[in-house]
């Protein structure tokens, strides 16, 4: 395989990783607070649809904001049901996902009845980095990306700093580790968990909008294709740490990009294998990280 | 006593609120589509009940969902959240199709119906079972989160199905969608009600419901409930973690695998890429909707299937309302039932607070994992 192909694969991987990283940062907060959001898939796809809709009315930036807001609204609903009414968060999460997948299909079919051509919107414009993007190899990979990729990187650093240096980050970690002690020390357990969930929902909605408004420019039902679940796997693999999340997302996105671009080359393997590879490797890495986490846990439990 | 009664009243209020909000949401969605809600309702009812054939279709749709949901009872009761039914159906269907063709070829196309049914049933169960044992092993051995492993395996199963339908089980005939050859006539499940597609799989649902009704009262069932909330106590009752996870996930895998065979032999007469078609996820929702009780699950499966069939009727009656409205209602319903169930659980939490009481202490099976409890005890010692 030629150098150009590898450059295209890696550049494509960064673009594919951006939505996973964004949603993953949010889910990182949720899981550090000791919760899990199984509604990410539903939040992402609703963000993807509203992103295109608002994008067609007022441009890509409005699309991104609308996606973020829809994710936020769904997270508010989830928070209400799980924290106030004490419903099981796994069931509510699955319910949000069912609702999101169904509602996005329903609204899309009303918006674009079958037989009509799909609505396409302008994607977020690329910033011109001049000579930097003309550098060989590094240029297209690092400097030819959509601004949303850079946004994901910036948010990654912000999330790391918030978690590490702020009062809120400390509260999230305390609540996730030991809610009873945190409450005794004056941390508002419920409010901290709710804030984490709202951040998670907003970033999941934004991640969904990034898929459509960022790269593709249009919506089709089930466009997220399980990315919400991949985000959950990536966050667990990365132990909710920003760096871990970024690496996990990059691994999945790299294999996906590889599957998309290398089918034409002469490796003589069935295309289904390429398409399954990201899921297979994610599963393998999940097993490896679970294994090492288990060992570490047992070491701390039995200090003999 | 007064507290219990007050909670009961709130539960009724909540149930009413859920029903009203579902009706309002459905009505709003229909109006938003520019249709008359009453006409939509008419179409919904017609779509379900206007002819024996349509009633049969509701039964046909309820069978796979019902079987998946019923066989998920033990796993969900034990707090093992397997969402792999989708992939287990797929692998069960592939195994069943391959077995039917193999047996038929061995006997030069003259295999008796009973033999082909047994072959399909067993092969389907084996396929689904194997597909369930893998995540069970990963959970027991390395504590891999079973929700994620089963979700990822669903995608691998879909890839395997796509490859299967392109290569070793693909039909030679020119077809619009990838599919296998048609099964031999003898392999199809006969129809139970003449003039409809309702097949003998309906009886399997009834049998399973009875089996689980009896099982529900057994010690094994209680042990699983104990395992979900107090794993250490369950250990003393003989329910180890590995035994519980393996057995409950195997039961759900066997059920889903048999569903794979039923969809091939009873409905489509061939292996299609849409064989699982969201049945696995509906099955989980139905199991939760039926509160893990067999009768409730059968009713919920019929309701889910009727909702899908009715939504198609609504689409053709109004001309504008997409049938995906059924999925929206299912999601809202699932969330509503989870809220009602939360009120059911609360009296127990009020009577016996097991963990140190925090303002919003999580209750139920999702709270302390076995490791967390062990760690806490270590710290106390």
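Yeah, the Cβs are placed from backbone N, Cα and C, and that goes for glycine too.
According to TrEMBL, the feature transmembrane segment maps to A:6-26, A:38-55, A:61-83, A:90-108, A:141-163, A:194-213, A:219-236, A:243-261, A:273-289.
A:243-261 is the stretch from A:38-55, A:90-108, A:243-261, A:273-289 with the greatest number of Cβ pairs below 8 Å to the transmembrane segment (A:141-163). Among the recorded stretches A:6-26, A:38-55, A:90-108, A:194-213, the one sharing the largest number of Cβ pairs closer than 8 Å with the transmembrane segment (A:243-261) is A:6-26. Counted over residue pairs separated by six or more positions, the transmembrane segment (A:90-108) shares at least 3 Cβ pairs under 8 angstroms with the transmembrane segment (A:219-236), which defines the two as touching. Remote same-chain partners of the transmembrane segment (A:6-26), defined as residues 6 or more beyond its termini with a Cβ less than 8 Å from a stretch Cβ, comprise 40, 44, 137, 140-141, 144-146, 148-149, 151-152, 155-156, 159, 199-204, 206-208, 210-211, 214-215, 227-228, 230-231, 234-235, 238, 242, 245-246, 248-250, 252-254, 256-258, 260-262.
If one looks beyond the transmembrane segment (A:273-289) by at least 6 residues along the same chain, the residues whose Cβ comes under 8 Å of a Cβ in the stretch are 230, 233-234, 236-237, 239, 248, 251-252, 255-256, 258-259, 262-263.
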